[in-house]
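So the structure is just underneath, and the comments pick up after that.
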Ligand SMILES: Nc1nc2c(ncn2[C@@H]2O[C@H](COP(=O)(O)OP(=O)(O)OP(=O)(O)O)[C@@H](O)[C@H]2O)c(=O)[nH]1
């Protein structure tokens, strides 16, 4: 998966999705008014659900964020008068912004662990820092105005840390795109918008959206963990057996195995073996003819062709075999990281990149009437064994 595709899928897409939802809500705002009472209660229910689900699936950062948002929603709708909120809006905006941003940089940890106290201390420090920052800027406003350029007005100066946080979290989101991070980034934007442009989105709407986003993030992340192979990004064996339940009578199963992979691992090391597995997996995933690729386990892959007989899939499997055979894999030289820049450019000029290549063997079988999936798979395994015995790097049926 290219880095661009990755950041589109895990960062830009959710951001656009939330922006689209907000646009739709503001478009239908008039129609929603009759549901106002329910909408005002929704954040309580959904944020509570988000806390339970996030903690259940060990996504502690989203759990804590949902808890803090729930607390803030209760404070602003039930506890504080609007005069009190006006008085401390900068501190709360800045403190909340710092907390949300800090969450983007830490890891999910167990709730019942010493990390819980570290999170509490962190939240307290963020709030204290924001109170101090606002006090400092107000107290020394005159002196700061004298020394700083004209655009260093009080509001801009007070909120400067927030702007920096948004930029940092945004950059981190593009670089390390994942759904939890994107949810944190969106929380930061909606948090800022609530204070700086309150007319844009009602608090109940933004809280409801965030709670829904957290729940979706946790559930889809967990689905991904269960059904995707972490190393190659292919669907996992569990996903394969899920798909089997929906297969009709006509399908073909191909088993793919990298040739002499043990020797490869022994020669180049397990890390390089992992790199090669990833690259081979990307070639297998590109199979045409409606094939769906899975990592079966180790260096074995399975391709399922629904509604296809063996004769019609052979050319596509042959194309995959050729693609792997023709692929010169350039190895990342781990030593290069520790070399000086000068040595590295000398190495490059001597063209010292190491390239390797591997081959794969494939066995394929077609489902026959009365057979279970396991039996068809066993026959494709036997065909794979035949391919290995005949000298490897070929497709057998
Ligand atoms: N690097 C790496 N190696 C793996 C992984 N999973 C399995 N392997 C290795 O794959 C190798 C499989 O070797 P074998 O099943 O003996 O077969 P082979 O060497 O590929 O030989 P043939 O199948 O007979 O061509 C073992 O050395 C495993 O350690 C993995 O995730 N990463």
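Cβ atoms are placed via backbone N, Cα and C, with glycine included.
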Checklist outcome for this item: Of the ranges 87-105, 239-257, the one TrEMBL annotates as transmembrane segment is 87-105
Item to check | Range among 117-136, 277-296 that TrEMBL annotates as transmembrane segment | outcome: 117-136
Checklist outcome for this item: For the transmembrane segment (12-30), the distant same-chain contacts (Cβ-Cβ under 8 Å, at least six residues beyond its ends) come to 179, 182-183, 185-186, 200-201, 205, 209, 213
Checklist entry - List, by number or range, the same-chain residues at least 6 past the transmembrane segment (64-81) whose CB is under 8 A from its CB atoms? => result 40, 43-44, 47-48, 50-51, 54, 92, 96, 99-100, 103, 119, 123, 184, 187, 203-204, 207, 210-211, 214
Checklist entry - Which residues of the same chain, at least 6 past either end of the transmembrane segment (117-136), have a Cβ under 8 Å from a Cβ in it? => result 60, 64, 68, 90-92, 94-95, 97-99, 102, 106, 158, 161
Item to check | Intrachain residues whose Cβ lies under 8 Å of the transmembrane segment (156-172), provided they are six or more past its termini | outcome: 90, 93-94, 97-98, 100-101, 104-105, 130, 133-134, 137, 144, 148, 181, 184-185, 188-189, 192
